[in-house]
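**Student:** My questions all concern the structure below.
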Amino acid sequence: MASSSSSSSSITIITTFLFLLLHTTAKKTYIIRVNHSDKPESFLTHHDWYTSQLNSESSLLYTYTTSFHGFSAYLDSTEADSLLSSSNSILDIFEDPLYTLHTTRTPEFLGLNSEFGVHDLGSSSNGVIIGVLDTGVWPESRSFDDTDMPEIPSKWKGECESGSDFDSKLCNKKLIGARSFSKGFQMASGGGFSSKRESVSPRDVDGHGTHTSTTAAGSAVRNASFLGYAAGTARGMATRARVATYKVCWSTGCFGSDILAAMDRAILDGVDVLSLSLGGGSAPYYRDTIAIGAFSAMERGVFVSCSAGNSGPTRASVANVAPWVMTVGAGTLDRDFPAFANLGNGKRLTGVSLYSGVGMGTKPLELVYNKGNSSSSNLCLPGSLDSSIVRGKIVVCDRGVNARVEKGAVVRDAGGLGMIMANTAASGEELVADSHLLPAIAVGKKTGDLLREYVKSDSKPTALLVFKGTVLDVKPSPVVAAFSSRGPNTVTPEILKPDVIGPGVNILAGWSDAIGPTGLDKDSRRTQFNIMSGTSMSCPHISGLAGLLKAAHPEWSPSAIKSALMTTAYVLDNTNAPLHDAADNSLSNPYAHGSGHVDPQKALSPGLVYDISTEEYIRFLCSLDYTVDHIVAIVKRPSVNCSKKFSDPGQLNYPSFSVLFGGKRVVRYTREVTNVGAASSVYKVTVNGAPSVGISVKPSKLSFKSVGEKKRYTVTFVSKKGVSMTNKAEFGSITWSNPQHEVRSPVAFSWNRF
């Protein structure tokens with residue numbers, strides 16, 4: 001009979017062996033880059049060739065031909081290693097990256113009482129097709145009404161797929177295409193759909209995709225509101241543009257293999273604009289599936305708009321930073337949803353709310369804070385509150401960790417009758433309104449500190465919550481949202497990101513009937529519209545505006561459209577003061593707002609644009625520490641000649657400047673501008689310098705004689721003696737102006753790489 005110790009050892013060895021066996025044989029989705037031109041003539045298609053290199057045909061998920069050269073497959077690590085070593089045609093293999101979603105009044109705030117106020121532009125945007133990669137679409141939304149829309153443009157090569165609870169007949173002359181891509185998601189979920197709520201079709205059961213697509217190009221819907229809030233006409237930026245949706249995001253996120261397949265298809269379908277309100281962490285461009293797909297789109301004249309991320313105000317948190325992508329941060333509107341907490345000590349605290357249920361009456365209720373079963377009760381995490389203490393009371397919950405609306409649900413389930421969600425330092429003074437399941441308001445950090453102190457110091461603290469509906473013409477606005485991700489750009493610090501900010505706080509747009517406005521399973525309410533916040537909301541604003549610019553200037557490249565939006569952006573709010581940051585109410589800077597807040601009226605006629613060709617982007621890539629194979633992965637060419645590479649990535653003809661001294665005292669960049677204004681135009685330069693940097697521009701005057709004429713100028717940046725080499729940043733600007741136009745470029749200065 002074996003001893004107990006030897007039996008234990010045997011069990012440990014067997015358990016370890018089984019763990020290692022499972023670990024080494026566990027399958028994952030891999031993206032495989034292939035030398036496209038190496039396909040043997042014996043294979044009719046690349047699909048056939050790729051399949052021949054796999055042990056099983058069923059392992060192949062997608063074949064990529066446009067946005068990427070290669071395929072994705074479901075393999076274990078041994079198979080992946082074997083595949084990489086089996087052929088010189090296999091250039092790279094990497095795991096499927098996971099991305100996440102970056103989750104009305106807007107047209108008026110942007111000055112779009114009609115599309116740019118140009119009557120002919122509305123009809124001309126009929127030919128623009130905006131592709132939205134997201135959670136799908138709710139086609140029955142009134143925002144997809146196609147009344148008076150002309151026939152679908154002949155360039156459209158896409159289709160409307162049928163699927164679970166989705167008939168292809170649901171598409172029309174407004175919503176012209178709908179597809180879904182789920183192979184990467186299914187493989188990550190064990191080969192199937194893990195959630196009963198998933199719809200194996202383009203149908204949106206999340207709401208996010210319907211919200212973003214209707215923000216970009218929703219038809220005008222009168223008498224729209226969210227439970228009585230934000231009442232008026234809801235419409236997208238480009239109300240007459242067509243929408244094509246590509247469902248790539250599922251319950252566990254958005255997988256790179258699915259995103260690449262959707263971008264591949266969208267480019268071939270004939271979209272003019274791609275809108276992606278999703279992203280992940282930073283990666284080299286040759287491993288960034290969005291950047292790779294976006295390069296192919298740009299090369300074919302497709303404008304790509306991406307959200308900057310919701311990881312602000314953390315420094316260097318910005319996502320989607322490739323220079324051929326428009327990276328969009330978020331700002332506030334001049335609309336608010338005020339709510340108040342009348343305290344028992346006579347003070348009135350101001351906050352916001354979208355609560356629409358039965359009010360609290362006139363009797364104040366007792367306030368409690370941090371009363372629960374765990375140390376996390378201050379955050380109101382699930383199961384953290386003691387119902388015997390919070391029942392019948394208003395609970396103060398700190399913002400953070402779990403979803404804001406979930407906190408309200410936790411309070412309600414514990415028997416609480418109301419909630420005040422108080423910001424901490426992470427969110428500062430930013431106020432985001434939510435449609436809680438019980439009476440609730442959100443307050444900023446300073447107000448929250450007063451509230452927490454009141455609860456702790458008063459023997460019987462009380463409050464009464466009061467809701468005041470919708471208020472317009474709020475000042476100051478816009479303000480940079482605290483959640484909006486910040487620069488500097490960690491992949492290429494010489495490129496300033498984000499590019500611009502747009503409306504991204506408390507945005508009204510269409511919604512899915514499959515889910516309540518909070519997104520919680522226990523929310524039984526159904527609404528046609530919802531109010532959401534995030535750079536997910538600001539991104540489609542710019543996508544729609546890009547569509548309008550494309551309609552007005554069909555000859556403009558994606559880089560020219562991007563330049564027009566950036567150089568005409570404004571940096572003063574509606575009180576004529578510099579933009580502020582909601583995180584701490586301090587002055588904002590280009591790491592937070594990029595070139596500024598978009599101004600579509602001015603973008604229509606920018607005067608000058610900074611255009612960038614595909615060859616210039618390749619010279620930019622050559623200036624990075626990438627191998628030729630890495631660059632080929634992005635540009636999809638048989639070979640790349642880097643003999644004319646830029647000496648510095650900052651030499652790219654970008655509409656903004658990010659100067660990294662990195663031990664040097666002098667940095668010199670040359671830019672080229674193209675005249676898109678009056679034929680005979682003269683521009684003079686104005687420099688707004690930084691305390692530690694001298695700036696000189698030569699020449700100081702640019703004279704144009706014709707439309708399309710190009711002129712160059714050189715900027716010399718000199719770090720003043722005695723400047724300490726720290727992580728500090730300073731900012732300035734360079735503006736070319738004449739009586740009709742101001743073409744402004746922000747400048748960011750840093751001395752050390754982040």
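Just so you know, glycine gets a Cβ as well, placed from its N, Cα and C.
Note that the coordinates shown come from a computational prediction; the quantities given were computed from them, not determined experimentally.
The N-linked glycosylation site annotation in Swiss-Prot covers Asn35, Asn223, Asn373, Asn641. The domain 'Peptidase S8' annotation in Swiss-Prot covers 98-604. Swiss-Prot lists Asp134, His208, Ser536 with the feature active site, charge relay system. Swiss-Prot lists 191-215 with the feature region 'Disordered'.
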**Student:** Spatially, and counting Cα to Cα, which of the recorded positions is closest to Asn373 (N-linked glycosylation site)? Options: Asp134, His208, Asn223, Asn641.
**Tutor:** His208
**Student:** Going by C-alpha distance, which of the active-site residues Asp134, His208, Ser536 is nearest to Asn223 (N-linked glycosylation site)?
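**Tutor:** Comparing Cα positions, the candidate nearest Asn223 (N-linked glycosylation site) turns out to be His208.
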**Student:** Including all protein chains shown, what's the count of other C-beta atoms within 10 A of the C-beta of Asn223 (N-linked glycosylation site)?
**Tutor:** 8
**Student:** Provide the three-state secondary structure of His208 (active site, charge relay system) computed with DSSP.
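**Tutor:** Note: His208 (active site, charge relay system) is helical by DSSP.
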**Student:** DSSP on Ser536 (active site, charge relay system), three-state: which is it?
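**Tutor:** Its secondary structure by DSSP: helix.
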**Student:** Just how many other Cβ atoms lie inside 10 Å of the Cβ on Ser536 (active site, charge relay system)?
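**Tutor:** Other Cβ atoms found within 10 Å: 30.
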**Student:** Taking the Cα atoms as reference points, how far is Ser536 (active site, charge relay system) from His208 (active site, charge relay system) in Å?
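**Tutor:** Here the two Cα atoms lie 8 Å apart.
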**Student:** Long-range neighbours only, meaning 6 or more apart in sequence with Cβ under 8 Å: which ones does Asp134 (active site, charge relay system) have?
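**Tutor:** Set apart from Asp134 (active site, charge relay system) by at least 6 residues yet with Cβ under 8 Å, we have Leu101, Asp204, His208, Gly209, Thr212, Ser213, Thr245, Tyr246, Lys247, Val248, Cys249, Ser275, Leu276, Ser277, Leu278.
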**Student:** Cα-Cα, whole number of Å: Asn641 (N-linked glycosylation site) versus Asn35 (N-linked glycosylation site)?
**Tutor:** 17
**Student:** Please report the number of other Cβ atoms within 10 Å of the Cβ of His208 (active site, charge relay system).
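**Tutor:** Looking across every protein chain shown, the total is 26.
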**Student:** Asn35, Asn641: which of these glycosylation sites has the highest Cβ count within 10 Å of its own Cβ?
**Tutor:** Asn35
**Student:** Counting across all protein chains present, how many other Cβ atoms fall within 10 Å of the Cβ of Asn373 (N-linked glycosylation site)?
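**Tutor:** Summing over all protein chains shown, Asn373 (N-linked glycosylation site) has 13 other Cβ atoms within 10 Å.
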**Student:** Helix, strand or coil at Asn641 (N-linked glycosylation site), per DSSP?
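**Tutor:** Coil, per DSSP.
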**Student:** Any idea what DSSP makes of Asn373 (N-linked glycosylation site), helix, strand or coil?
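**Tutor:** Once the DSSP labels are grouped into three classes, Asn373 (N-linked glycosylation site) ends up as coil.
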**Student:** Under a three-state reduction of DSSP output, how is Asn35 (N-linked glycosylation site) classified: helix, strand, or coil?
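**Tutor:** Note: Asn35 (N-linked glycosylation site) is coil by DSSP, not helix or strand.
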**Student:** When the pLDDT values for the domain 'Peptidase S8' (98-604) are averaged, what is the result?
**Tutor:** 92
